């Protein structure tokens, strides 16, 4: 008005210009003023974080209404100081609702102050919007009027567990502030670690008001424990004190692992440089905001407006919360925003409380609906509530150094740990999931996560007290000094393993026995006492079983696995009148007989074509000669020469086959008659069940339960404690209260068989078992290191030396085997030989047929001998009868011998003989040919010798001389 008055009374301006200015001023005034909506703020004023959050809220509302000047509503903030107490926050909220009638409250500043405000808002239907109360315990209140415009602490536990799993740490210790904020994350940490089989050895709760001496005392307690992985969940003021004291006493050094949650990592900007120096090598899980355009513009405006004040995550959430509230209030601008002021009547004696006349906001349901559905792209990312809170999908993994923080990776809900968000990484190996990390002590070597403290007591290792099978574990006590001596195969293995460990582990053996020196119970009871904490481990012939793994962790097995059945054997050398048939199987006997018949048929074919004498015989004589020849090859007695070259070649091949067959038969028959054959009295486990004989098992062994599971009668099961007792039970047999079979593990059976293998045998099948293993409490970090050393020992010569010392020193016939059936020669062993015979015979048959066909195709005149040219021109005159009948010289008495017998047919045919002589003498050329060709003469002589009488034996000589 002062400017208007000045313009009106001034004479320097014309009157018309004054009226124009008045018109413009009136035109610029809004027709209707914006609705003023009261919103309460409950924060700890005069606190850095709260002051920065208030700046962000005011900045958000100012910028929002500047860009939305047409909105019908305007938020008016009513700020109340909670005085850093729960009561102060409750009183402030009650005042804002009753006296100021605010439609919503932004706050409180921490999780401890939130429960009362949440219940108050739920009763009065006033939404409580918090950007800094992150405890998951607040969800248990189940109030729909509580809006968490931030992430709760449980969203980061998967990122923490991924880090623990990536470095294979087996134990952790959470260190947390002892209030609602610190305790809220614990149930979620426990669940996450159980999924990856990580044990929480101890929970360290530190009060917010603890002194430095109290914190130091707690840290000294942690130093006495083997765990070296600590997870810190608290706010920066207490966290900086904790880290500083830990460094002072030497816990921020080589071998330690410190991981801080976002309670510290998100507010590192509020910590001094000295705190950052103390945290050198610490890992942190920090809330990640994507570098959006909105965030970059907001950061620029913040720095321009507030100078060097660094922006943190809570300012971003406060900025977006104010924006969401302004948008939601504008959406319900047409809704009645007043309160229902119903007053509760009280008696005169009851003066009532401030909650008796608590007002109810009529706009509450509509405003709550608008808040849960509002969605926009804010400076902290997409603002969209899910189950009344913002959802976190990405966290940044930082490595704190003296100069600040360094990003070493990210955690994404879809893929887990990754080095970078620039590429879509999946299936990354554990060793490549993070960049190089500088650990406490300024080293890049990954700490193993645990170590035995220097002042730690010795591990109490339980060993079983056994009455037998002392080769595995033997406990002896000196009667004079009561000094214990524990030896055996299992003890030597464990001692060698512990000597090869990369660090010293003091331990002592404690026998699992009663004061009078007897066994305290079974192996299961010994394992259960490890679970109860009486012992720190168990060493002995303890089998790894599934039910035992519920109570302890086993290292890798160091013995052979499996359960077998032992039965006696008996000598069953072949005897009887038909033993000579046993070397060959039925199939081979049949094949051999068929081969002899086949050879006889082939010989008959070859001889029938080449031997004229063979043709002249009867069928019976032919068959007998052929098969006599075939079967006589067994003894190589085939002396009768054959006329066919094909028969001779076939005989050579067949004799080779017969030689191999007879020699094999002889060797097998000799073995059956002379060599001892040991066979088990029982062939299979099913035979034991059907026969109902007694079965032995070792006292205290789990094999008893296995036998019951296989439905063996419990009354038929007998126990033994040593190989000697086992032997005695076998000798008694079931009929005298003994056993006919034993059911035990391979290691024990090998020890028994080393002494008595000539009398007993192992039958099928072999049942599954995991062998002997060392037992330790669940989650023990020793298990992985001991397993590695067991592998080194079993793969080297050390294990062989230990086995030779304890298990194989009595080995005499351990590798002997028995057979369930006699060794016989079958047809498979000789298939190649018989195939060779068949192929050769077929080739010879084809050769014979081809030769015969070739001879039939020759011209008939090729069969007559050729004549000389002189004989063709001048035929020789035939000799006279006198010349024929009168020999030039007669044979002497010495030259002519009367044959012992004459063929009757020859004597009866003199005329035919004379006619033959005339035919021979009719042609001189023929005579010359006969004399010149000895082979032809011999063949002709064979033909005529049967018909020419001995009285005329001199005729050929006379023909030759002529």
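Each Cβ is built from the backbone N, Cα and C atoms, and glycine gets one as well.
In TrEMBL, the feature transmembrane segment is placed on 588-606, out of the ranges 588-606, 607-625, 626-644, 683-701.
Looking at 12-28, 29-45, the range annotated in TrEMBL as transmembrane segment turns out to be 12-28. Of the listed segments 499-523, 524-548, 549-573, 649-673, TrEMBL assigns transmembrane segment to 649-673.
Residues 832-850 are the range that TrEMBL records as transmembrane segment, among 813-831, 832-850, 851-869. In the predicted model, the domain 'Ionotropic glutamate receptor C-terminal' (458-809) has a mean pLDDT of 83.
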